[in-house]
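See structure below.
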Amino acid sequence: MESIGIVAPHKMHFTEPLQLQNGSSLAGYDLMVETYGTLNAARSNAVLVCHALNASHHVAGVYADNPKDIGWWDNMVGPGKPLDTDKFFVIGVNNLGSCFGSTGPMSIDPATGNPYGAAFPVVTVEDWVNAQARVADQFGITRFAAVMGGSLGGMQALAWSMMYPERVGHCIVVASTPKLSAQNIAFNEVARSAILSDPDFHGGNYYAHNVKPKRGLRVARMIGHITYLSDDDMAEKFGRSLRRAEGAVDAYNFNFDVEFEVESYLRYQGDKFADYFDANTYLLITRALDYFDPAKAFDGDLTAAVAHTTAKYLIASFSTDWRFAPARSRELVKALLDHKRTVTYAEIDAPHGHDAFLLDDARYHNLMRAYYERIANEVNA
């Protein structure tokens, strides 16, 4: 199926201070935005797609100057795709604190004339949602037909339905969770520790030293990447295969160089990530993941936390996702059904672990296509 083709991002500047959950505020900030499709006259066909940890506003299509830079959810969004841009106006927003053009640690702090670095304020999922709401205001969108996201993006979609219930028709939460488990927080802490202990980190102000803490960022990515894959998927892809040149003896080298194919793969992923991502951003986003817990204000009662929601929900999980296991999605489903919300739940049998939400799986995409067709019918009614 064809891509949406060449797209171009644009930068929105906001001068009104954004109050943050930590008590501080951003006096002025930029958000990178990308749109696909056409907003109808009633402004009723808009869908917001929220991104996960290392993604951005570039949801679909390609850039004219870099045709290899394909949008991170290009198989989901586009003409004739499950989220059909012939029917919907789709918005992607790069979150505050990211490193892809929105205001973040790499941006210049107007108070000092230097990059924010470690001084950039800690942000939360709720802060992102409030910033995204201002983007919607700029487009004159008072209500989204749907807000959708996978993983961390799913947390944002859920937060939208709780913080702005009157502005969300459908909330689509994929491979996500209403809060991180202790195990997930632990993985994030180990990843952050790898970055913080890198000699090139310099307390987060490594820009002034013209270096990057690549060693720490590389290890952080390797840790994270393991959690995105299932055991079965890793066994099928790599097994215990040794990394050897064609025709070489299939025997151990008895040293600490790369021996196994899975080691080579993880190092490749770590190296690639360290080349394009920012370490301070990684710290910020993983901490935002840790802090997300809308039930906390209700003494841990998720049912109470979702009491004032009004959206219809599609919640999808994957059988082999152990990062955000199906049990976490079922917990959310139960809380919503306790209030008799309209909920569609699908637990998809897929071997690819957490990353399954990014892949072109027929059952998964058929589910999304059918659900968006239902939304399109509502929009056109």
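Cβ from N, Cα, C; glycine included.
For SER151 (active site, nucleophile), the Cβ neighbour count at a 10 Å cut-off comes to 26, with all displayed protein chains included. According to Swiss-Prot, the feature active site, nucleophile maps to SER151, an assignment based on sequence analysis.
Sequence-distant contacts of ARG221 (substrate binding site), defined as residues of its own chain at least six apart whose C-beta falls under 8 angstroms from its C-beta, comprise ALA191, GLN269, GLY270, PHE273, ALA274, PHE277. Look at ARG221 (substrate binding site): DSSP puts it in a helix. Feature annotation from Swiss-Prot assigns substrate binding site to ARG221, ASP355.
Here Swiss-Prot flags ASP321 (among others) as active site, drawing on sequence analysis. ASP321 (active site) carries neither a helix nor a strand DSSP state and counts as coil. Sequence-distant contacts (6 or more apart, same chain, Cβ under 8 Å) of ASP321 (active site) comprise ALA175, SER230, GLY353, HIS354, ALA356.
Sequence-distant neighbours of ARG323 (site 'Important for acyl-CoA specificity') (same chain, 6+ residues apart, CB-CB distance under 8 A): SER151, ALA175, ASN184, THR227, TYR228, GLY353, HIS354. Under the heading site 'Important for acyl-CoA specificity', Swiss-Prot lists ARG323.
According to Swiss-Prot, the active site annotation covers HIS354 (among others), on the basis of sequence analysis. In the three-state DSSP reading, HIS354 (active site) counts as helix.
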Self-check item: HIS354, ASP355 as recorded positions, winner by CB count within 10 A
Solution: HIS354
